[in-house]
Amino acid sequence: MVPSSSSMDLSPPPSWFTPKRLLIIFCVINMINYVDRGAIASNGVNGSSETCDDKGICKSGSGIQGEFDLTNFQDGLLSSAFMVGLLVASPIFASLAKSYNPFRLIGVGLSVWTLSVAGCASAFSFWFIAICRMLVGVGEASFISLAAPFIDDNAPVSQKTAWLAMFYMCIPTGIALGYVYGGYVGGYFHWRYAFWGEALLMLPFAVFGFLVKPLQLKGFSPVESKKALASVEKVSSVTDDSKASKLDGRMLVGGDGIIGDELSKTSKSESIHNILNQLSRFAKDMKVLLVDKVYVVNVFGYIAYNFVIGAYSYWGPKAGYNIYHMKNADMLFGGVTIVCGILGTISGGFILDRMGATISNAFILLSGATFLGAISCFSAFCLRSLYGFIVLFAVGELLVFATQAPVNYVCLHCVRPSLRPLSMAISTVSIHIFGDVPSSPLVGILQDHINNWRDTALILTSILFLAAGIWFIGVFLHAVDKSNDGSQPVSTPRITSRKPLLDGNVDESFCEV
């Protein structure tokens, strides 16, 4: 007899597992992911193109751009290629989590990531490194979609948001370390060594994802039981659909034996059927997400928020240089963002846990922190004093970054457990496609039109008020925490046929699962 799905979910955890150990492992992996993003953007790795002065004296280029003689457009495509892989693969890995063990899928993704980063290190042309960057995004997609649900499952009830905050704190920290790491390695050694170092750092975690006994996500049945049942179903279907006879202890179908071509056709039809089932299940799950008002409101607010943050990260130093004539605008904006990102993200998680981690309280914190942060940042760009701007902008970013843990808490808890990977994947896809990806060029167009960086910054910052308003709507929605909803787990199929698998003395009770 095959155990029920509920009994399997209660199986003891693997020997290596403790919740804190899992959190540390996932935080380190997340840190390495974002170190890579910072490293490829650093001067030491990204480099510069060849330059020539008026006298015809040329200075050779450096880094990736110099070695492959890239234009600024080609150089910019490297980051876009990474985003394409991430956005395309995130929903795919989220959907596969219903058919394959999610922990093993993380191992697959980390393996792709490691090999792709090693490919960047050994790249011989622009197109090769662009394809490798795309595959780096594919590898990260599995981790982005599946890591947060694992953390949410295993965090203490009173500290769920705080644990999510520690996980997402690795984003600004990793990028900052990536700038330093890429600059140092690229400056003192060679830009290729930076990628080799990242691959070596991630390799143990990729191996870990395959060798250790995997964890199970809440709401998902162990895949091994599904495979066993599928095998039994396949044999049962053969006996139901064929005329079976017994000759000299061997099983014959139609008296002529099982023909290889027929099995091949059956295998192909089953493969097509499985693909159609996957697509059908994905469409049904997407429909569930899109009609969930709490989820839609949360993601819409996150899109507006990310639109501003993405433009800040790209245009902030240039705006600060032109408005306040900062000589070290890069270092100033980078330092403020790193410090406020770390403190704000952790603070948001601990505050929501202290308030009581509920979806309604999360929306209250999201709308309140974003509204106050918008007021502070808007006031900062109105000031003429550089020091006044720095103080108010730092306070604003501290408040704005406090939303990171609560917004992901809502994504995880407004859907049933089996939908959490897809919820995180669609949220990630949405905030990038509609948020930070278009925001930088749109703000550039706005600046070209009005030619005033102060006005452009104020218009951009005002969108934070829109994000706060959208999240404020969520306070009044009927929000149910579905994280403990066990009514719709990914169930294992049930075989009701009582026909014997073979003619003979076979216990009929074996056929019922």
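Indices start at 1 and increase along the chain as displayed.
A Cβ is built for glycine as well, from the same backbone N, Cα and C atoms used for every other residue.
TrEMBL annotations: computationally assigned, not manually curated.
According to TrEMBL, the protein carries these features:
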- 22-480: domain 'Major facilitator superfamily (MFS) profile' (DOMAIN)
- 77-96: transmembrane segment (TRANSMEM)
- 103-128: transmembrane segment (TRANSMEM)
- 163-181: transmembrane segment (TRANSMEM)
- 193-212: transmembrane segment (TRANSMEM)
- 294-315: transmembrane segment (TRANSMEM)
- 331-352: transmembrane segment (TRANSMEM)
- 359-381: transmembrane segment (TRANSMEM)
- 387-407: transmembrane segment (TRANSMEM)
- 419-437: transmembrane segment (TRANSMEM)
- 457-480: transmembrane segment (TRANSMEM)
Field: Of 77-96, 193-212, 331-352, 359-381, whichever stretch has the most CB pairs under 8 A to the transmembrane segment (103-128)
entry: 193-212
Message: Within this structure, do the transmembrane segment (77-96) and the transmembrane segment (387-407) have 3 or more Cβ pairs under 8 angstroms, counting pairs 6 or more apart in sequence?
response: no
- request: Give residue numbers and ranges for long-range contacts of the transmembrane segment (331-352): same chain, 6 or more residues beyond its ends, CB-CB under 8 A.
  value: 161-166, 168-169, 171-173, 175-176, 179, 312-313, 316-317, 320, 361-362, 365, 369, 390, 393-394, 397-406, 409
Message: With a cut-off of 8 Å between Cβ atoms, can you find at least three pairs linking the transmembrane segment (457-480) to the transmembrane segment (163-181)? Only pairs 6 or more residues apart in sequence count.
response: no
For the transmembrane segment (419-437), sequence-distant contacts whose Cβ falls under 8 Å of one of its Cβ atoms, 6 or more beyond its ends: 83, 86-87, 90-91, 93-95, 97, 102, 141, 144-146, 148-149, 152, 217, 219, 282, 285-286, 288-289, 295, 298-299, 302-307, 309-311, 313, 408, 411-412
